[in-house]
Amino acid sequence: MGNYFSSMFDRLWGTNKELRILILGLDGAGKTTILYRLQIGEVVTTKPTIGFNVETLTYKNLKLNVWDLGGQTSIRPYWRCYYADTAAVIFVVDSTDKDRMATAAKELHMMLSEEELQDSALLVFANKQDQPGALSASEVSKELNLVDLKDRSWSIVASSAIKGEGITEGLDWLIDVIKEEQL
Amino acid sequence: MSTKTYKKSENQIAGELSDKMTIYQDCMNTFNELPVNAKRCRILISRLLRLLANGETFPESEATALFFSVSKLFQHQDDSLRQMVYLAIKELSSISDDVLMATSSIMKDIQNGSNLVKPNAIRSLTYVLDESTAFSAERLLKSAVVNKHPAVSSAALCTSYHLLPISETTIKRFSNEAQEAIVDLKQFPHSSMDNSEFYPNSTFISQYHALGLVYQLKKNDKMSLLKLVRQFAEANTLKNQLAKVQLVKLVNDLIHRDPQLFTQFQSLLDNWLTNKYESVQLETAKLITSFSINNSHLVSQELYISAINTLRSLLTVPRVTTRFAALRVLNRISINNPEKIMVCNPELESLINDSNRNISTYAITTLLKTGNAKNISSLVSTITKFIHEVSDDFKIIIIDAVRTLSLNFPQEWKSIVKFLIDVLKNGEGGLKFKNSIIEAIIDIVSFIPQSKELVLDNLCDFIEDCEYNEILVRVLHLLGKEGPFTSKPSLYVRHIYNRVVLENSIIRSAAVISLSKFALTKNDPTLKDSIVSLLRRIANDQDDEVRDRATIALELINASENKHSLVAEQLIQSKYYYDLNSLENKLTNYMSANDDSFKTPFDVSSIRKFTEDEVKAMKLKKKQQQAVGNNVENTKDAVVPGTKQTDNRIDNDTYQGANLQEHQEDLLETKYADELLSIEQFKEFGNLINSSKPIPLTEPEAEFVVHAVKHLFKDHVVFQFNVSNTLTNVVLDKVTVACSSEGDNQLEELFTLPIDRLLPNTEAACYVAYKKDEAFAMEGFINILHFTTRELDPETNEPFENDEGFDDEYEIDPIYLTAGDYVKSSFTGNFENTFAELPSEDVAVYNIKEDLSLQEITDKLILNTSCLPVSNTQFAPNDTNSHTLKLFGKSVFNGSKVALVVKMIKSSKGIALKAQGRGEDATLCADLVNNLM
């Protein structure tokens, strides 16, 4: 009986619906580490991702399908194969890698210009804040030209996947936006 | 219901295209749905797989889209769905290049997945990894190889095996783990529930996979392979049947690399012959018997006999495949050593009635090969009972075997002819079958003259009631050709005339020609008169063709009466056969030349002619070579270990091409002769009498490859050297061959025609001409190739202008003009009589110190003398130490006969030859006898 009610509530609040979230970004930004931080709450040792990792996790009564796609140059062209029905994109930036900030900006804007992602929310993690010489969130935001983005809910959060800082804050914001806009 | 009918009914319901597109659309929609419906997806993937298995394929863009939607199913954790996903990835990997996107997910499954999906995940690595990504799977694969679960271990071993050509360096590091996996007897984890009816006991198949991988890793290292065999042969560590067979094959590989190793394996092999697995017994017996074909001196008699006994006992086991395999091995032995499997004859005979037709036919053909003078007639009577029960295809195989038998045992012609006539008259069967019988009969008539009358009598009976025009025409032709030389031609005339009265126009025309031959060849006035009156009657036939032929025949008979015209006789009774290749070539040239050339009639005299005996000799030689060729193919096939599948395939390809190659060789000969005769300087030498086959004078991989052809004229000899330049960027100018005589100068050098310029990767001929004084001059020549090399400008493909070039020379093998060059093969039906009739005789004795087998000597003698081996003496038995070779040939100049009997005895000191030659031409005979080696 209890199950029955809970599933009725689920339907009412739309929790039964699975949401697709993509984690993108250049290679070595920390995407896989963030994914497993979210899922098991621990730091795992990772290898460069050839292809993708996918995990299902429940967060605030929402079932999330989180896709972590590899960031190597050879794999980036395949990102677009996974754009369909995406509720939100989490874009991870290595805040210490100033040289490739321009590349990251280019990839980000190219991705956002895709038709299939017009309605998706964007969360940017300025990652690796634990490292010395990391740019601050506002500096990263400037480098990525985030202010230029129109008609889209977006936010940038300073984070450290190793220490677990900023990750939940960012995700909280994202879930609120999704609930508000898409459910 | 078979798959075929299943597919058919499916197609009738929905057109093929819509079926494929529906599945594609369904897949795309369902796989992208959220949440994933695992059951529905599984069903859809299985439909997709069936489609691909039926040979359907998708364009690359659609395959890619399919792959990506399938890859989205990784988000669902259902094991059964995951297994299906892996199958789909495997199939799609051949069409889409993007499968590498699954790499990370696969590796995750290998690490953390359940034991159910692990093997599938590991196996799919083969399809997604390439050289650059293979190393990333190294650690995972390595630990999977030594995994306790046999399925996981097997999967990892197979994957490593397949990845070896892709990334050798990575897989090479697994050597220790693979070795460990051979000895590790992995049980399924539920082995505690032994004897459970649901779970089989472990088959230890991972041993087989591990052994396969270890072999691949070590195959270039003979010593460690030896160690491997020793390690696993002695202790009983190999439990898996296939692994044991693999070990036998490994031994096979080793002894073919180094035959001397065989002796140390003898006791091991003897043990294996009584192994509890039939397949191990079979493989071992196969190894021993095929090895002994070329290395009989290394195989002990006892071992060989027990191998045969093993095969013999395998013939009676209940399992069909084993019986078939054993029979196949025996059949292979029967080609070379029929006498060795005679002991199996009782079993073979009982297999004739086997319910499996493949087995029964194989048994029959094997039995026919074991046939000898003693048991042929009993064999033939066994087949007579059997042949009416099999289908036409098998009948043809049997008839072919009988035909070979008849050529090998000419003295047994009576029972064979009786058999053939019996199946011809009484057997049911289609045209192809009857035709093959007629072919066999024609062969017998032309190679065994004694059989002529009996065969012709029976054929006369046969044509009284024959439904096939083609066969009737062939028989009528045979009657016309052979009938006039028999004792009672009038009998045949009556039978032939009956056909004219009773049959259709095609057969009537053939009968007319046949009748006219009787009138033209037989100098019997009464017979001729009656034939003329018959022909007159036929000249009123209602069919044009028949009338025409009758009229012509009458004209010809009239003409021959007046002794005017030999043309008539030649036309109907041709004694000569033209060399068809060169005739075709000349005629094509004649037709394509300008109109002026038509003013002169086509000159047929320049084309080589063969007498009937020569044609027969050529045919017989070809048949003998085919038999030997098949032999070689078979042994080669046996030598190659089963692991090298690609090699096998190449062998098969070349084998099928053999006939074509033969034909091209013929054409090449004609081409060389034509080229030679078109050169002005050689015109005065007169007609070309004989040309040898091209003889290689260099290694085939040398920088300059040279072949020589010896051309004989009446008073001249011309050596043609075909030089091909395999270098790039270098041209050879003024290429000549300097020939210096080895001994007494019987030949006088006239001139040399050089090659002006030989471009890279081309072939050209230079000629050296000699005048010879003696009819049968023999001499050896040491040859040196002289030329000027100049480098090529790669842009213009011309030599650099300032490059003077430098002179160079290159030594090539010597060439010999021998007695054999003055002889060509010829056929005789009765060698003994011919031999006794020839007037002059010569005898020579040779002692050969080299370690050659009798067969090798025999082959060499046939080649050196260019005579035809008769009475089936071209095969030297390898279980005795003596052999007698009978050779027959004719002089190329005047066709005088020469016959040789060479007796050879092999002893520990070498081989002793005694050659006895007889011939019409004393010099030729003496030269031939004294220059055998």
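Please read every residue number as a count from 1 along the shown chain.
Backbone N, Cα and C atoms are what each Cβ position is placed from, and that goes for glycine too.
Per TrEMBL, the features are:
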- A:Gly25, A:Leu26, A:Asp27, A:Gly28, A:Ala29, A:Gly30, A:Lys31, A:Thr32, A:Gly71, A:Asn127, A:Lys128, A:Gln129, A:Asp130: GTP binding site (BINDING)
- A:Thr32, A:Thr49: Mg(2+) binding site (BINDING)
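Structural mapping of features recorded in TrEMBL.
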residue	record	DSSP class
A:Gly25	GTP binding site	coil
A:Lys31	GTP binding site	helix
A:Thr49	Mg(2+) binding site	coil
A:Gly71	GTP binding site	coil
A:Lys128	GTP binding site	coil
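With a threshold of 8 Å between Cβ atoms, the binding-site residues A:Gly25, A:Ala29, A:Lys31, A:Thr49, A:Gly71 that neighbour chain B are A:Thr49. Of all residue pairs in A:Gly25, A:Leu26, A:Asp27, A:Gly28, A:Ala29, A:Gly30, A:Lys31, A:Thr32, A:Gly71, A:Asn127, A:Lys128, A:Gln129, A:Asp130, the annotated binders of GTP, the farthest apart have Cα atoms separated by 21 Å. Long-range Cβ proximity for A:Ala29 (GTP binding site), meaning a same-chain Cβ under 8 A and a gap of 6 or more residues, is found for A:Gly71, A:Val92, A:Val93, A:Asp94, A:Asp97, A:Ala104, A:Asn127.
Cα of A:Thr49 (Mg(2+) binding site) to Cα of A:Lys128 (GTP binding site): a distance of 18 Å. Annotated pair A:Asp130 (GTP binding site) and A:Thr32 (Mg(2+) binding site), C-alpha to C-alpha distance, rounded: 17 Å. Here the binding-site residues are A:Lys31, A:Lys128; the one with the fewest Cβ atoms within 10 Å of its Cβ is A:Lys128.
If you draw a 10 Å sphere around the CB of A:Asp27 (GTP binding site), it holds 16 other CB atoms from the protein chains shown. Under 8 Å, Cβ to Cβ, and six or more positions away along its own chain, A:Thr32 (Mg(2+) binding site) finds A:Val44, A:Thr46, A:Thr49, A:Asn53, A:Asp68. A C-beta separation below 8 Å, combined with a sequence spacing of at least six in one chain, links A:Gly25 (GTP binding site) to A:Lys31, A:Gly71, A:Phe91, A:Val92, A:Val93, A:Asp94, A:Ala104.
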